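Enquirer: Dumping the structure here so I can ask a few things about it.
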Amino acid sequence: MSKLDESEIIKIFQRKLGNKNSEDVEIFKLKQNIIAKTDTLVQSTDIPPKMKLGEAARKSVVACVSDFAAKGVKPQYGIISINFPSNISRSKVEEAATGFRKACSEFGISILGGDTNAGKEIVFNVCLFGSAEKIVPRNGSESKDLIFATGPFGYTGAGLSILLYKKKGKREFVAKAIKAVTHPKPRVDFGVKNKRYFTSSMDSSDGLSTTLNEMAKQSKKKFVINNSPHKKDLGEFAKSNQDNLVFHGGEEYEFVFTINPKHKKTILKNAKSLRTPIIEIGYVTTGKGVILQRDNKDIPLKDKGWKHFR
């Protein structure tokens, strides 16, 4: 690297993240079973225009934290690997390191170490670890279960259309949509507190339609969706494109969960106390696939979420 070499970048991250010494390996202690998740953020596909590098660093942590939230587990430790172009400036490295530090502080994560590389574009890889006796599965839903989602959905898709394609909207809505892209909020506290009531759950970052279809498939049940989890202002912005933003947009970092109806009152109470927005979107029944009920019609909801290499 011409302006900064690897050791200088490592020192910046160590200073920001509180790591004093480098080692060949890292040691940490967890009780119960180890829960792990890794995710990669690539500049060309995952960092939209106007997203700051610190926000991108936080997003790469959030991508993992969101999966922990869906499983009802709090992440405790992490490993971060970074790839920077050789001409990266010190200020950009500082900005990224600060973004990681703030994210780890926000979610209570201790960074153990990582790896540093040089390449054509910025790449962040994050691996997080936690512990739990068990996790909430994707395949546990039963007939007559209620389907809920933390939410609402569609703002991120709207924000991306504003940032990428310069779509216009009301000033207040545009600000809200862009914030959904640059500062997503995984629902960790809600997931941890309520996991005992979930029969199944799954993160929705690849798109709500993907999540619903995967959960229905793994549970060998039919998911009937009779309530779209969006707010009125999204409909005003999206018009005919509303369903695409809500069900296929992706990158919301919310999660879907199913519960026995007897736990509905408790779930709603806990959501209110934690200030977590949740929406009842449907129910589980016998059969297969996902059905969207609208205007007294059953419309198949296909998986059209985000997939790499498609």
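Residue numbering: from 1, along the chain as shown.
Cβ atoms are placed via backbone N, Cα and C, with glycine included.
Values in this document were obtained by computation on a predicted structure and should not be read as measured data.
According to Swiss-Prot, the record shows the following:
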type	residues	note
BINDING	Asp24, Asp67, Asp203	Mg(2+) 3 binding site
BINDING	Asp24, Asp67	Mg(2+) 4 binding site
BINDING	Thr38, Asp39, Asp115	Mg(2+) 1 binding site
BINDING	Asp39, Asp67	Mg(2+) 2 binding site
BINDING	Asp46, Glu251, Trp306	substrate binding site
BINDING	Gly114, Asp115, Arg138, Ser205	ATP binding site
BINDING	Asp206	Mg(2+) 5 binding site
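Give me the lay of the land around each of these features.
Expert: Within its own chain, Asp203 (Mg(2+) 3 binding site) has Ser66, Asp67, Ala69, Ala70, Thr211, Tyr253, Glu254, Phe255 as residues 6 or more apart in sequence whose C-beta sits under 8 angstroms from its own.
The DSSP secondary structure for Asp67 (Mg(2+) 3 binding site) is helix.
The Cβ of Thr38 (Mg(2+) 1 binding site) lies under 8 Å from the Cβ of Cys64, Asn125, Val126, Cys127, Leu128, each on the same chain and at least six residues away in sequence.
DSSP assigns Glu251 (substrate binding site) to coil, not to a helix or a strand. The number of other CB atoms found within 10 A of the CB of Glu251 (substrate binding site), across every protein chain shown, is 24.
Under DSSP, Ser205 (ATP binding site) is assigned to coil, being neither helix nor strand in the three-state scheme.
Asp206 (Mg(2+) 5 binding site) is surrounded by 19 other CB atoms, counting those within 10 A of its CB over all protein chains shown.
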Enquirer: Three-state secondary structure of Asp24 (Mg(2+) 3 binding site) from DSSP?
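Expert: DSSP assigns Asp24 (Mg(2+) 3 binding site) to coil.
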Enquirer: Among the binding-site residues Asp24, Asp39, Asp46, Asp115, Glu251, report those whose Cα falls within 10 Å of that of Ser205 (ATP binding site); none is a fine answer.
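Expert: Checking each Cα against Ser205 (ATP binding site), the hits are Glu251.
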Enquirer: Where the distance is taken from Cα to Cα, which of the binding-site residues Asp24, Gly114, Arg138 turns out closest to Asp39 (Mg(2+) 1 binding site)?
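Expert: Closest by Cα: Gly114.
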Enquirer: What is the number of other Cβ atoms found within 10 Å of the Cβ of Asp24 (Mg(2+) 3 binding site)?
Expert: 5
Enquirer: Which of the binding-site residues Asp24, Asp46, Asp206, Glu251 has its Cα closest in space to the Cα of Gly114 (ATP binding site)?
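Expert: It is Asp24, whose Cα lies nearest.
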Enquirer: Could you state the whole-number distance in Å separating the C-alpha atoms of Glu251 (substrate binding site) and Asp206 (Mg(2+) 5 binding site)?
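Expert: Given the Cα positions, Glu251 (substrate binding site) is 6 Å from Asp206 (Mg(2+) 5 binding site).
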